[in-house]
Amino acid sequence: FLSPLLADAEMIGGPDPELAATMGFSGFGKKARTFDLEAMFEQTRRTAVERSRKVLEAREREKEEQAEKEFRSPDADPSASASSATGAASTLTQRGRVCSESEDSSDEELTGPSMQSQTSAQGPAGDTDDEDDEFIGPPLPPGFKDSDDDNDNDDTEEEDNNPIKKIPDSHEITLQHGTKTVSALGLDPSGARLITGGYDYDVKFWDFAGMDASLQAFRSLQPCECHQIKSLQYSSTGDVILVVSGNSQAKVLDRDGFPVMECIKGDQYIVDMTNTKGHTAMLNSGCWHPKMKEEFLTCSNDGTVRTWDVNNEKKHKSVFKPRSVQGKRVIPTTCTYSRDGKLIAAGCQDGSIQIWDRNMTVHTKFHCRQAHAPGTDTSCLTFSYDGTVLASRGGDDTLKIWDIRQFKKPLNSAERLPSFFPMTDCCFSPDDKILVTGTSVKKGGGSGKLFFFYRETFQKLYEIEVTDASVVRCLWHPKLNQIMVGTGNGLAKVYYDPVKSQRGAKLCVVKTKRKERQAETLTQDYIITPHALPMFREPRQRSTRKQLEKDRLDPMKSHKPEPPVAGPANVYIIISDCRGGRVGTHGGTLSSYIVKNIALDKTDDSNPREAILRHAKEAEENPYWVAPAYAKTQPKTVFAEVEPEDDETDKPEWKKRKI
């Protein structure tokens, strides 16, 4: 429909103002502006070449001035210096001519600054890194330094010099496991899930990505019935979990808590523990092989350390038997693999630490007989990430660090670290420079603390007051850079830093609490009767939302009942005093009801005869209960006539008669 209008506009020879007003914009009918892209590109190229030439000339002038300053010296002959400066200037001028000629010859090929100008713009420093060649934009002035890079370098240097800044403790969250001691902690390798176990026999699963700010566990179970949980650990791949409890059989669960395998129980009547297929006494500890995802390790009160295969639950793989100085059996209280999985270490009740080669079960490869005080339970052994240092947490309130190549004497030791639990932990920081452990306290004896020691000097760097109970377990995850702590009052705390930490607790604290779905509580239970007749079968509920909408339209179901009157609980409600389903305002107790009625009752019931005759007239005029039943057989009542007395003249006639 625009073609006739455009034709009229062309016939007129110019834009029609009326037509422009009709169409709503002023430029209607004008010819569109055309652009020549080739001309624009050519103009842009010339501008870029001219600008690069000016920059090159400025660089050449700076070089000439710098050369003159270098060649000019106070002791030299002025004529010589002048001649040298002139020679240098002529040389530079020739170089400039060569550059300009080459630049003129490449004007037709290049659309920006030439390669010669870019190389010359790097200044007299000449040989720079490859990173400078990739820099986009004008060259930086000489002596300029990037402030961001300097700040980053300064921060890195400060963190290296001050390891306290590497500790992620600025924020924390608290997970309520229960009311009893959290004796086991485990994190999968990716840091997505946390498992906690305690003295209440429960194992709880926490998913950081699935939790909201309410911090509720998504699953809770008792895998070992009524046995306390001693240790929990994810495998190297994170698909199965090792559960070590107070019984003699370790269990392996999958990620969702379903059983995968259970170790067999040994024959307790066989003396040689090598000939039994499994443990015969309570377990103390266990851990996974760091490289082989199907092998794990356990130690028990039967005096053995055994390795197992997940695919073979009928018998152990190998048996290690720690021995005392006299060659007698000694109970291992903790066990662990080295970082490469080639060594197996066990801490024993006689205070010794014994280390075997994984493939040689008879003799120890390293051992220290007096690592800790005899008769105390060594609660934890852990290797450093470099594999050369072993840290031990003893029941003698000490924390020691050992070089397994020189195993006779500890490198460093820290004392006065109380430990009341046989599973008190210690662990290394992700950078292997800090060692962490917790302390125990008696009830009402202060706060349990988390201590941080510098690995090289064993100087106490930092401490965190966790809670008013003992700190039993501690775990510093290398990927998340977050510290998990299990306490003696049923709490599992997670310490993190929003900047230094990754994922983990940061995922759940930013989520708001989910609102409770009222539809599930308001709808009635649905009874499924598949074999009922169609006339008696209830209609199947399609969704809770639709059912809620139907219930909202029902006046009976949507009626809000009257709330009860606030008052003491467990009271006797007097029915006669209830109005509309609510107890009277005077209270709901029997005593208050009696007191109220006594105070309100003004009648005098001292004369029972008058109390009965008070209703005689109403009964005679309107017989309802007794009189109609005996109307045909009951004789007529005859009352004796009584002389009226002086004080009874004012009484009615029925009160003057006597029966």
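Every residue gets a Cβ built from N, Cα and C, even glycine.
Automated prediction, rather than curation, is the source of TrEMBL annotations.
Taken from TrEMBL, the feature compositional bias 'Basic and acidic residues' applies to 44-75 (among others).
Here TrEMBL flags 44-172 (among others) as region 'Disordered'.
Annotation comment: TrEMBL describes 76-91 as compositional bias 'Low complexity'.
Look at TrEMBL and you will find 101-110 (among others) tagged as compositional bias 'Acidic residues'.
Among the features that TrEMBL reports, compositional bias 'Polar residues' is placed at 113-122.
Sequence annotations record features per position, and here TrEMBL assigns compositional bias 'Acidic residues' to 147-161 (among others).
Residues or ranges marked as compositional bias 'Basic and acidic residues' in TrEMBL: 162-172 (among others). Residue counts of the compositional bias 'Basic and acidic residues' (162-172) by helix, strand and coil are 4 helix, 2 strand, 5 coil (DSSP-based).
For 175-207 (among others), the entry in TrEMBL reads repeat 'WD'. A Cβ distance under 8 Å defines the sequence-distant neighbours of the repeat 'WD' (175-207), meaning residues of its chain 6+ beyond its ends; these are 215, 217-234, 236-238, 241, 243-244, 255-257, 421, 423, 425, 470, 472-475, 477, 479-480, 482, 484, 486-494, 502-504.
TrEMBL lists 276-318 (among others) with the feature repeat 'WD'. Outside the repeat 'WD' (276-318) by six or more residues, the chain places 230-231, 233-237, 239-240, 242, 244-250, 252, 260-268, 270, 329-341, 344, 346, 358, 361, 422-423 with a CB less than 8 A from a CB of the stretch.
Tertiary proximity for the repeat 'WD' (337-357) is limited to same-chain residues at least six positions away from its ends with a CB under 8 Å from its CB atoms, namely 287-292, 297, 299, 305, 307, 320, 322, 324-325, 330-331, 363-381, 383-387, 390, 392, 394, 396, 402, 404, 407. Per TrEMBL, repeat 'WD' is recorded for 337-357 (among others).
Here the repeat 'WD' (381-405) has Cβ contacts under 8 Å with residues 334-340, 343, 345-347, 351, 353, 355, 366, 368, 371-373, 411-419, 422, 424-428, 430, 432, 435, 437, 453, 455, 458, 478 of the same chain, all six or more residues outside its ends. Annotation source TrEMBL lists repeat 'WD' at 381-405 (among others).
Among the features that TrEMBL reports, compositional bias 'Basic and acidic residues' is placed at 539-562 (among others).
Here TrEMBL flags 539-565 (among others) as region 'Disordered'.
Per TrEMBL, region 'Disordered' is recorded for 636-659 (among others).
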Item to check | Summary of DSSP states over the repeat 'WD' (175-207), given as helix, strand and coil counts | outcome: 0 helix, 19 strand, 14 coil
Item to check | Segment-level pLDDT (mean, integer) for the repeat 'WD' (276-318) | outcome: 92
Next on the checklist: Give me the DSSP three-state residue breakdown of the repeat 'WD' (337-357), ordered helix, strand, coil.
Outcome noted: 0 helix, 12 strand, 9 coil
Checklist outcome for this item: What DSSP reports for the repeat 'WD' (276-318) is 0 helix, 19 strand, 24 coil
Item to check | Per-state residue totals over the compositional bias 'Basic and acidic residues' (44-75) - DSSP helix, strand, coil | outcome: 28 helix, 0 strand, 4 coil
